[in-house]
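Undergrad: Take a look at what Swiss-Prot says about it:
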ACT_SITE  148  active site, proton acceptor
BINDING   6-30  NADP(+) binding site
BINDING   135  substrate binding site
């Protein structure tokens, strides 16, 4: 199986690894992101099978313009991977700047909706696949996860609702929900604190970007009569935390 796939957030982590995997498998890949220089480097690495488009998915007009301007040979999109997303900060809710919450909502939710809404007609026409990158944070709350977890819960529910709305049209929708993954994600979350990022994953043997790329490829490779509704995965060394209990004195 091969075709054309669009991956948001292709400048690093899951998105970059997924672009590399799908080009290797013979697909045409459209990679989006805000860092044009990284898209140019990826294009130099992957060749003519990769087309990079630099724009901000939170900007509705920029999204429309960028996607409407895709060149011939890259317009018939079979798979949309909504990967772009971020978490900012690890502090409890009362200590988080409102701007950080707004940025997470804008990127993780609004940006995803902008891209998905624009591409739905093509995906319906081609009986395509929508793959949304959610998180185990959609299910399991943790300290400092407040708005980030809320945005990922939205992605999971949106995936289920979209699948319901598109029932009978042959479009498949999947929510992939990873646990601890070692990418730039934590470096961004900690404001560039490399030591804090390294310590988080020390001794964990976390999920890698290649693991997620392989998972996305597996989902996309299923027979057309099978829909993977959701797929939750964790490293073996990660499990479930106990409930917090506050004891009054």
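The backbone N, Cα and C atoms fix where each Cβ goes, glycine too.
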Undergrad: Below 8 Å Cβ to Cβ and six or more residues apart, same chain only. Which residues does that give for residue 30 (NADP(+) binding site)?
TA: 4, 5, 6, 7, 50, 51, 52, 53, 70, 74, 77
Undergrad: Tell me, by DSSP, whether residue 26 (NADP(+) binding site) is helix, strand or coil?
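TA: Once the DSSP labels are grouped into three classes, residue 26 (NADP(+) binding site) ends up as coil.
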Undergrad: What's the CA-CA gap between residue 14 (NADP(+) binding site) and the residue listed as 'substrate binding site' in angstrom, rounded?
TA: 13
Undergrad: Among the binding-site residues listed here (18, 135), identify the one with the smallest other-Cβ count within 10 Å.
TA: 135
Undergrad: Quick one: of the recorded positions 10, 18, 22, 26, 148, which has its CA closest to the CA of the residue listed as 'substrate binding site'?
TA: 148
Undergrad: By the DSSP assignment reduced to helix, strand and coil, which category contains residue 10 (NADP(+) binding site)?
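TA: SS state of residue 10 (NADP(+) binding site) = coil.
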Undergrad: Taking only the Cα atoms, work out how far residue 26 (NADP(+) binding site) lies from residue 148 (active site, proton acceptor), in Å, as a whole number.
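TA: If we compare the Cα positions of residue 26 (NADP(+) binding site) and residue 148 (active site, proton acceptor), the gap is 34 Å.
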Undergrad: Restricting the comparison to the binding-site residues 10, 18, 22, which residue's C-alpha is spatially nearest the C-alpha of the residue listed as 'active site, proton acceptor'?
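TA: Closest candidate to the residue listed as 'active site, proton acceptor', judged by Cα separation, is 10.
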Undergrad: Among the binding-site residues 14, 22, which residue has the fewest other Cβ atoms within 10 Å of its own Cβ?
TA: 22
Undergrad: What residue among the binding-site residues 6, 10 has the most other CB atoms lying within 10 A of its CB?
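TA: Result for the most crowded candidate: 10.
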Undergrad: Counting across all protein chains present, how many other Cβ atoms fall within 10 Å of the Cβ of residue 26 (NADP(+) binding site)?
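TA: Summing over all protein chains shown, residue 26 (NADP(+) binding site) has 10 other Cβ atoms within 10 Å.
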